[in-house]
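Copied over from TrEMBL:
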DOMAIN    8-222  domain 'Plant heme peroxidase family profile'
BINDING   Glu19  Ca(2+) 1 binding site
BINDING   His99  heme b binding site
BINDING   Asp149, Thr152, Asp157  Ca(2+) 2 binding site
Amino acid sequence: MTAMLSHVVLHSCWTQPGELSELGTDRSFGMRNFRYIEDIKEAVERECPGVVSCAEILVLSARDGIVAENHNESLNVVPDRFASIGIDTPGLVALLGAHCVGRIHCMKLVHRLYPEVDPAFPTDHLEHMLKKYPDSIPDPKAVQHVRNDRGTPMKLDNNHYRNILDNKGLLLVDHQLPNDKRTKPHVKKMAKNQDYFKELSRAITILSENNPLTGSKRVIRK
């Protein structure tokens, strides 16, 4: 559930679509537990009708549960995008650490397998991935996935940073983090202890306060 909440909060704060529009996007295919947002909203409405928005529920739930950026984008563009809303490099690295929970759809990794295998692709995943996707045009609606963190896949911790330092980053941006001079020092620092949660909470606060809807643009769904 943490993965779903983090995903929706990031996309909602970035593009302002709201959680309902996230239900129908391809990037949300396979995401589960959206029903809990409805359950929480119904419970809140019974106690405080017309007061608490779904956006507020999402942010608080994600906070208590703890990009999705385009997973195929590289560090050539991602830092500037985050910087545009006030998130610095340590904050970026901390946010990408949330990749340690949840799953990655294999569709997001095919470009590292075809037409030729990326020589930097983690060898312990390679055989498994090639069996799942024997060709370069997979079914986009096939529920096929891998865990980004095979050690503690359901726990938000700093194991992700140790993995990518050990060349086990599956997503392109994760593979690049420890190899970029801007982000490498922060990856190494966050791999040493759990203090990265301080950076993560700071970055999430900035993200969740980005360009909020106010006045007539703000709608509290009943």
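FYI, residue positions are counted from 1 along the chain as it appears here.
Every residue, even glycine, has its Cβ placed from backbone N, Cα and C.
Distribution of TrEMBL features across the structure.
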residue	record	CB count, 10 Å
His99	heme b binding site	24
Asp149	Ca(2+) 2 binding site	22
Thr152	Ca(2+) 2 binding site	15
Asp157	Ca(2+) 2 binding site	16
What mean pLDDT does the predicted model reach across the domain 'Plant heme peroxidase family profile' (8-222)? 77
Work through the binding-site residues one by one (Asp149, Thr152, Asp157) and name whichever has its CA nearest to the CA of His99 (heme b binding site). Asp149
In the three-state scheme derived from DSSP, which category covers Thr152 (Ca(2+) 2 binding site)? coil
Within 8 Å of the Cβ centre of Asp149, Thr152, Asp157, which other residues of the chain have their Cβ, at the recorded Ca(2+) 2 site? Cys100, Val101, Gly151, Pro153, Met154, Lys155, Leu156, Asn158, Asn159, His160
Can you see whether DSSP assigns Asp157 (Ca(2+) 2 binding site) to helix, strand or coil? coil
What does DSSP say about His99 (heme b binding site): helix, strand or coil? helix
